[in-house]
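Student: Among the features that Swiss-Prot reports, transmembrane segment is placed at 10-30, 42-62, 77-97, 100-120, 140-160, 163-183, 200-220, 224-244, 254-274, 289-309, with the record citing sequence analysis.
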Amino acid sequence: MKIKATIERVPGGMMIIPLFLGAALNTFAPGTAEFFGGFTGALITGTLPILGVFIFCVGATIDFRSSGYIARKGITLLLGKIGFAALLGVIAAQFIPDDGIQSGFFAGLSVLAIVAVMNETNGGLYLALMNHMGRKEDAGAFAFISTESGPFMTMVTFGVTGLAAFPWETLAATVIPFLLGCILGNLDHDLRDLFSKVVPAIIPFFAFSLGNTLNFGMLIQSGLLGIFIGVSVVILSGSSLFLLDRFIARGDGVAGVAASSTAGAAVAVPYALAEANASFAPVAESATAIIATSVIVTSLLTPLATVWVDKKIKQKKRRTPPPKNQMTIN
């Protein structure tokens, strides 16, 4: 049976399908984890330890010896995405109450949802697009983009902008697994190869356990809003990253558009932040549902936008004559 191939036909399927299965279990049999307990219960409710292993393995994929072009590209896209999310968060905080919007089309929307949905890029999608287009050096920026996975960067964003405070112990506890992974991955490339293979394999496990914090009612309620947010992510972050890629990273903008998505791992961020700061607890569930929808939407739209921009740039290059000093005289 081609179970994996079938799941991957759904955009972000290895994250979204287990998430929905977990939500189904929590909706129709909410006491399952307590009933079985033991290893089964831990598999259902163990989001944080599973996420800790994921962050460690992501850290192990980072190569400190990346070329200058790859480093410039990766850092530009990384800081650009985080900076844009921070800016939107600061603006949104002026209008959205701490417990989120309670009525109307935007019911359930919170500053947490906005920052988390904008803050993380689907690194796997970016890597696939760049490799498909034959952009090997641009693909190398994946290592930097992947550092957005997990709650740490979102915690930093909230802390730096003053939107929320986290104890230094919490920040340290979040980043230590990542740093340990970085160190081991650079000390031994065999360990990097070993742990890098774990990254995609562990995603369904924390997605399933995370799904057990949701229910179908909230997922259905956030549907249209989640679609709107997903479209906004592609348009807003795609435009800003396109400009940064062209004028800072000295690229043609295509890689920037390819980074205009929401990572599947972002679905875990509201829960993790609520565990670290109880003020996020009232909006964590609705934020998770919005982000889950955005993951699907951006997984569909980001490739279309990337291909469209790449096509337009190639057409422009074909129409532009070479400089006179490069023209040959017969």
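Just so you know, the numbers here start at 1 and follow the chain as drawn.
Backbone N, Cα and C atoms are what each Cβ position is placed from, and that goes for glycine too.
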Student: Quick check for me: are there 3+ Cβ pairs below 8 Å between the transmembrane segment (77-97) and the transmembrane segment (200-220), leaving out pairs under 6 residues apart?
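Tutor: Contact between the transmembrane segment (77-97) and the transmembrane segment (200-220): absent.
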Student: Hey, would you say the transmembrane segment (224-244) packs against the transmembrane segment (10-30), going by three or more CB pairs under 8 A that are 6+ residues apart?
Tutor: no
Student: Mark yes when the transmembrane segment (140-160) and the transmembrane segment (42-62) have three or more Cβ pairs under 8 Å (sequence separation 6 or more) and no when they do not.
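Tutor: Per Cβ check, the transmembrane segment (42-62) touches the transmembrane segment (140-160).
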Student: Among the recorded stretches 10-30, 100-120, 200-220, 254-274, 289-309, which has the greatest number of Cβ pairs closer than 8 Å to the transmembrane segment (140-160)?
Tutor: 254-274
Student: Between the stretches 10-30, 100-120, 254-274, 289-309, which one has more Cβ pairs under 8 Å with the transmembrane segment (200-220) than any other?
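Tutor: Per the Cβ under 8 Å count, 10-30.
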Student: Please figure out which one of 10-30, 100-120, 289-309 racks up the most CB pairs under 8 Å against the transmembrane segment (254-274).
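Tutor: Per the Cβ count, the answer is 289-309.
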